[in-house]
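Annotated domain 'Pyruvate carboxyltransferase' per Swiss-Prot: 12-274, in sequence order. Here Swiss-Prot flags D21, H209, H211, N245 as Mn(2+) binding site. The region 'Regulatory domain' annotation in Swiss-Prot covers 398-524.
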Amino acid sequence: MTTTPKSEQDRVIIFDTTLRDGEQCPGATMTFEEKLNVARMLDDMGVDVIEAGYPFASDGDFEAVHEIAKRSKNSVICGLSRASHKDIDRCAEAIKPAERGRIHTFLSTSPVHMKYKLQMEAAQVYEMVISSVTRARNHTDDVEWSAEDATRTEFDFLCRCIEAAIKAGATTINLPDTVGYAVPEEYREMFRKVRETVPNSDKARFSVHCHNDLGMAVANSMAGVAGGARQIECTINGIGERAGNAALEELVMAMRVRQDKLPYWNNIETTMLTHASKTVSAATSFPVQYNKAIVGRNAFAHESGIHQDGMIKNAQTYEIMTPETVGVKGTSLVMGKHSGRAGLIHKLEELGYKLSRNQIEDVFVRFKALADRKKDVYDEDIEALVDEQLLHGQDQIKLNSLTVIAGTHGPQRATMKLDVDGQIRIEEAEGNGPVDAVFNCIKALVPHDAKLELYQVHAVTEGTDAQAEVSVRLSHEGRSMTARAADPDTLVASAKAYLGALNKIVAKRQRDVREAVPAVAAAG
């Protein structure tokens with residue numbers, strides 16, 4: 001297959017504003033070190049321009065931009081500034097250490113913004129555009145000017161301001177859909193008409209900046225590129241003001257996957273996209289929605305039996321890109337109530353089981369029954385089903401009864417009765433809290449060296465009568481076993497979950513012994 005040479009005129013500059021517009025998202029504030037870490041990651045993955053912050057906003061923002069400017073190896077480091085000279089001068093000082101720095105200054109141009117926000121006449125705004133860009137150009141050759149709320153600005157006035165900004169020295173013109181109001185066709189046409197109308201439009205690169213208020217930020221961004229823009233302003237995970245910004249990972253992969261319709265290219269290393277998503281999610285404490293395009297937990301996960309069957313036969317049946325291209329190790333066939341026999345058989349083979357047709361049928365029937373009761377069915381659950389079928393028995397350790405004494409004074413005490421292989425054992429133990437006392441009881445009754453890795457509790461439903469669902473994960477000999485249990489009594493649910501994980505460890509150990517016997521015999 002012949003590869004078409006990349007043309008510079010089809011190159012799209014990726015301008016990441018996660019550290020500025022993204023951090024303006026309520027609750028997404030990052031620490032100084034977190035900003036440096038995110039900036040380093042953006043620099044490494046090939047982002048062309050990093051908008052590192054708004055230096056005039058605070059001393060902390062200034063210091064972050066200044067330090068990022070010092071450390072950047074590849075990216076242009078940009079600072080945001082209002083149209084005032086004080087803002088611009090402060091921004092210039094912040095980006096000074098950068099090998100390549102940019103000042104991004106902006107001013108509102110729409111009637112509603114000029115009247116209510118700026119309380120200025122159009123003539124005053126026009127003069128301020130010239131004044132601010134001129135001031136910025138005195139500090140650096142790389143100046144970006146944004147017409148805030150461009151999509152609601154009168155066209156003739158927008159063109160006048162753009163022409164003046166370019167004449168004053170702006171090298172990039174950004175026309176943002178500030179409130180996410182535009183639709184793709186009109187956004188594309190705006191860029192086409194502006195570039196056609198403004199006489200010196202060829203002297204600057206045009207840029208898109210789209211918000212997601214109507215869910216069209218990515219579509220609008222690509223429409224703007226189709227209209228002649230060659231810079232996209234975006235954020236990791238699409239975080240930003242209100243409903244967010246266009247998501248960098250979606251834009252980059254859209255250009256990569258649909259080269260037939262989007263014949264543009266960029267410098268992003270796509271295998272870092274998932275890592276970037278997780279880094280920003282951790283820094284902002286904003287979880288990524290499971291069904292988020294490209295980087296969501298379910299982006300390459302399949303539960304439907306029909307889909308799993310297709311994926312097993314050929315991944316192209318239900319995936320338009322490979323998970324490896326975005327830094328995911330592989331496709332996940334999620335086992336649940338929608339899974340069919342083909343999916344279960346594939347999972348059993350992955351786990352190393354070789355079962356007869358009758359055994360598979362037995363496991364499948366019990367798997368479907370379990371999937372109807374459980375939201376998530378994990379590998380450990382399937383292993384437990386198989387172990388139960390192969391061992392012709394149920395859990396060897398069962399909870400018979402539990403009594404816990406807890407209060408504000410004195411140690412917490414638990415008394416537990418277990419059925420261990422048909423033998424009743426009773427023990428009492430104390431702990432630093434009732435849950436600790438319960439787990440200490442189990443350790444006394446069934447001595448083991450498994451380590452507790454996870455203990456989580458949440459209410460299954462609302463109200464004071466809600467069942468508590470407890471998850472416990474135990475680590476033993478390099479393998480983790482997870483179990484869940486639900487009960488109106490949180491302590492009973494905790495005991496059941498712990499015992500469930502312990503039973504899986506016992507079953508796994510017995511299975512390992514069975515597998516070792518044929519190997520020894522063969523060696524003999």
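Every residue gets a Cβ built from N, Cα and C, even glycine.
In the predicted model, residues of the domain 'Pyruvate carboxyltransferase' (12-274) average a pLDDT of 97. The residues near the Mn(2+) site, meaning same-chain residues not in D21, H209, H211, N245 whose C-beta sits within 8 angstroms of the mean position of the site's C-beta atoms, are T17, P176, T178, C210, A217, E233, C234, T235, G240, E241, G244, A246, in sequence order. Following the DSSP three-state reduction, the secondary structure of D21 (Mn(2+) binding site) is coil. Highest Cβ count within 10 Å among the binding-site residues H209, H211: H209.
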